[in-house]
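Peer 1: I have a structure here, written as structure tokens, and I will follow up with some questions on it.
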Amino acid sequence: MDTTTLSITLGIITMISLGIGNSMTKPITSKMGVDHYMLFRNFIMSVFLILVLFSGIFESKIDLVQILFGLSLSVMGYFGLTYLFKALKTTKVGLASPVSSVNVVFTILLTYLFLQVKLSPMQIVAILAIVLGIFLIRFDKNAIKNHFTKKDIKGLNYALISGVLMGVFMFLSQIPARVIGPILTPLTLEGGMFIFGSILFIAKGRKVNVPDVKLSLKTLLAIAFIAIAVISLYYGLKNGNPAIMFALYSANPIIAVLYGAVLFKERLNIQQYISISIVVIGIVLLRVFS
């Protein structure tokens, strides 16, 4: 399988798995709370990745420097997610979400400039189409029409900080992925987030509340989808084209919209249909002009 085909295949798996996992996460965090969910997610992901690591399915290489780099990088990832949740809590989703999506632009641009990833002119056009589709699916014109309050401006600042942090975080996470592999890299990042999050959790004097059986099973299922997405992403970053992987990875909100339409009978508007069509066209162009 050539690099482009591998990247598109793994990118689509990542996009679908992450879209479903994130869609399932929303009602879970409303019941469990963001801090609790992050703690459980990082812990369960770490345990799952340890099991996969020792299964020997994927090649991994122990490199202390890269592991320490990954652990330090996890702090940036933790704050990137924290600022995103703050933005969504402070202002309207239709304002915060499009601004935070700047992360994909930062990631792809940095990857193209510093890692010398080869892209043809048509592949660049295809990736730009996917990025445009991502922006449109998150853009809410009704939120823009309303006057900005100080709270909205504060939320937009949080979203912009999150976008920049996550963009740099995703770009830098490729470095350990190329050395220590697609399992040890996310294990280092998730483990680092769990350690850092636990320290903050204890410092705040919080107590861990174990969710009931039904909520626990839903949480495990959501995290299972996210785990598939993470492994697929980092395998693609190591063996495929990172720019294509990041573009498709960031298109997961498209799946979230379709998830809501299928499971909850939510009606799609014209803007959403256009957004989905643009992303699909972008994916087709990537394959045709590979």
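Glycine too: its Cβ is placed from the backbone N, Cα and C atoms.
Annotations in TrEMBL come from automatic prediction, not curation.
Look at TrEMBL and you will find 6-25, 37-58, 64-81, 93-115, 121-137, 158-177, 183-203, 215-237, 243-264, 273-289 tagged as transmembrane segment. What TrEMBL lists as domain 'EamA' is 7-138, 154-286.
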Peer 1: By a Cβ-Cβ criterion of under 8 Å, what residues six or more beyond either terminus of the transmembrane segment (37-58) are in contact with it?
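Peer 2: Long-range Cβ neighbours of the transmembrane segment (37-58): 25, 28-29, 81, 181-184, 186-187, 190-191, 193-194, 197-198, 201, 208, 211, 219-220, 223-224, 226-227, 230-231, 235.
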Peer 1: Count the residues of the domain 'EamA' (7-138) that DSSP assigns to helix (H, G, I), to strand (E, B) and to coil, and report the three numbers in that order.
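Peer 2: Within the domain 'EamA' (7-138) the tally stands at 114 helix, 0 strand, 18 coil.
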